[in-house]
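Now, the feature entries from Swiss-Prot:
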type	residues	note
BINDING	13, 16, 35, 38	Zn(2+) binding site
BINDING	122, 123, 124, 125, 126, 127, 128, 129	ATP binding site
DOMAIN	1-54	domain 'ClpX-type ZB'
């Protein structure tokens, strides 16, 4: 560690052997020394290893069928959307592994374009949850943004770059890892322009936001304020490349079904046409038949639609699907509440009729799967308030009457132990 020469004691780095005169800084530990150059080298090695571990490797990338099977464990129904998402996500990360370029059979270089995803469907049908589950499976950073909070640069509201800040924060400010993450932009139907025809007045929260999103959707080197908010010239920025960020853009698109219905209904003209009633047209899955022209009529600009080539649609959940959502997935609501009651030493049971009644309530309210938890909270609130203070409850049974008629759940008392019986008889 230390060498004694003509000039007295000369300290050396325990790792590279350089003396304190050959390096800028020498840091002492218990019996060891390390120089600034070795510290820099260690940091570089750690960063490289972390970057390698955070990348989605092609040989480890799950196949589309495996992605769909994983989604099946958490999301009930929506099979068409699962297949579409599985293929799109697989191809996206395969493209990243190829470095945006691949070679065809003749050995020529082919540029692989990015395919962002547009998800259509009513609220409470699993759009957000599908995207969250995908990110969880792939172990990539995931951020959710609300399109309604965005405005064009220079106006009151959030800049589109703040979406990227959420992704960087989700990656613990590891920009390299964030550059292969997933961003989910919800309520995108709310930024549709107010009319199909371009307006002379500025639409800062509609068409203006769509225009602002174009660059980051396609892929650009964006400057992100580290603390969020508006940009100003005297602040530092985080630079992030969005070329390999997967964007999943979603919305309920209320009213789009009428546009599709009008277009589909026009086919029923002429002697050889299939004649369908208005009721028959209304009951079919309109979102599965959406064309770019329908989205343009709704209010999305053609350039925005062009950057969302993959379209996945989700459908309204029926009663059977909602009952399955309550009890079957790995983190089903019934399992969650069972665990909460179990922590108080109480068993919780839902009858089949009770689950069906909860599903009926969700359909009646029009909230889909998102409203199931609120109904469960209302039903269980009285017993969740009372039971922690009691030690004489063995079991709580929730029936259809509890859900429909506000009847308290049935409480099964705990059987006293033998010792307790003797004490009472004495």
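Cβ coordinates are placed from backbone N, Cα and C, and glycine is handled just like the others.
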Could you check which of the binding-site residues (13, 16, 35, 38) sits closest to residue 127 (ATP binding site), going Cα to Cα? 38
Where does residue 127 (ATP binding site) sit in the DSSP three-state scheme? helix
With the cut-off set at 10 Å between Cβ atoms, which of these binding-site residues ends up with the most neighbours? Options: 122, 124, 126. 126
Fewest Cβ neighbours within 10 Å, where candidates are the binding-site residues 16, 35, 38, 125: 16
Cβ neighbour count (within 10 Å, all chains shown) around residue 13 (Zn(2+) binding site): 22
Of the binding-site residues 16, 35, 38, which sits closest to residue 128 (ATP binding site) by Cα distance? 38
Measuring Cα to Cα, how far is residue 38 (Zn(2+) binding site) from residue 129 (ATP binding site) in Å? 46
Listed in sequence order, residues with CB under 8 A of residue 123 (ATP binding site) and six or more positions away: 252, 367, 368, 370
Out of 13, 16, 35, the binding-site residues in the record, which is closest to residue 124 (ATP binding site) when you go by Cα distance? 35
Give me the long-range Cβ neighbours of residue 129 (ATP binding site): same chain, 6+ apart, Cβ under 8 Å, in sequence order. 74, 75, 369
Candidates 127, 128 (binding-site residues); min other-Cβ count within 10 Å returns 128
For residue 16 (Zn(2+) binding site) and residue 126 (ATP binding site), what Cα-Cα distance in Å is obtained after rounding to a whole number? 57
Can you give me the Cα-Cα distance between residue 125 (ATP binding site) and residue 13 (Zn(2+) binding site) in Å, rounded to a whole number? 62
